[in-house]
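As recorded in Swiss-Prot:
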type	residues	note
TRANSMEM	26-48	transmembrane segment
TRANSMEM	80-102	transmembrane segment
TRANSMEM	134-156	transmembrane segment
TRANSMEM	185-205	transmembrane segment
TRANSMEM	225-247	transmembrane segment
TRANSMEM	262-284	transmembrane segment
Amino acid sequence: MSEMESDILRAGWEAWRRNPVTAVPFVLHGLSVIAVSIATLLSAIYAIMPELPAAILSGDFGDEAFKQMFGEFLKRCLGNIELLGVTFVFGLVIVAALAALFKAWWIKLCYDALEGKAILSTAFHHAKSLFVPLFKFELILTLLIGIAFIPLINLGLDFFRNIHMLTKEAALYYVISFMIWSAFLGIFAITIQFLFTFVPYAIVIDLKGTLSGIRRGVMVLRHNLVDTIIMWLLVGLAGMALQVAAYPFRFFGFWGTLAGTLVAVILGWVAVMPITTCWWVELYRRRSKTLNSFPNG
């Protein structure tokens, strides 16, 4: 690790330690996404099979009745693909909007923390002014990844339509196809995230528009590939450290695993994500100074 990376890691740690309020947007974002996801899922379930939630909550049916109801639920899902699609897209748009608002907030907050003092209200006011360009970027990102999901969705729908008449060879085909497409999607999503690493920072820190922010972010990446790869590895190690910390809880069964997951999520929101965001902000600040600015667009 070079001296510059060491300085960045130290600066991020000190900024978070002096300004623990940097964790607030991450916590609020996480809770908001969970709430929206649950609300969207329950709305879809209730629209497709209104009697299902009440039946599950009553708990007055056995395994066989549950299997029958679940089978009926799958049939109704296949008959309401359009409704599920609209609900899913609506949920994605809401999540993208939340990501844009909170991401602008925490980037500005971490930037201010590195400067010396982070104030929630000041950073939030700045975030609101940049919501539109960052929201457009989040929609572009969501659209790119969403389009890549279409073959996998079609594969899953085809599987459920033919589930009662599948041969062993056909089942093996679906399993292999699913694994291949899942691997492709994972690689594609990681590649897109990597290429657009610095775009949110360009929009929030340099006050760029959506397109000029994309150009600026890609340019910073192109001139700093090695540093970016190293930073991604360091961020990945920080995430792995959370998993290691939560691993001992697994020895206590289901509830222990659940508690360990909860601890890892909370530590991620409160410490790891603010610190690693400070790292990215500091890296962007240092590396973008040498580049010519693009006009807003």
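Placed from the backbone N, Cα and C atoms, the Cβ positions cover glycine too.
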Point to revise | Contact between the transmembrane segment (262-284) and the transmembrane segment (26-48) (3 or more Cβ pairs under 8 Å, separation 6+) | key: yes
Check your understanding: Same-chain Cβ contacts of the transmembrane segment (185-205) under 8 Å, 6 or more residues past its ends?
Key -> 103-104, 107-108, 111, 126-127, 130, 133-134, 137, 141, 144-145, 148-149, 152, 212-214, 216-218, 220-221, 228, 232, 280-281, 284-285, 288
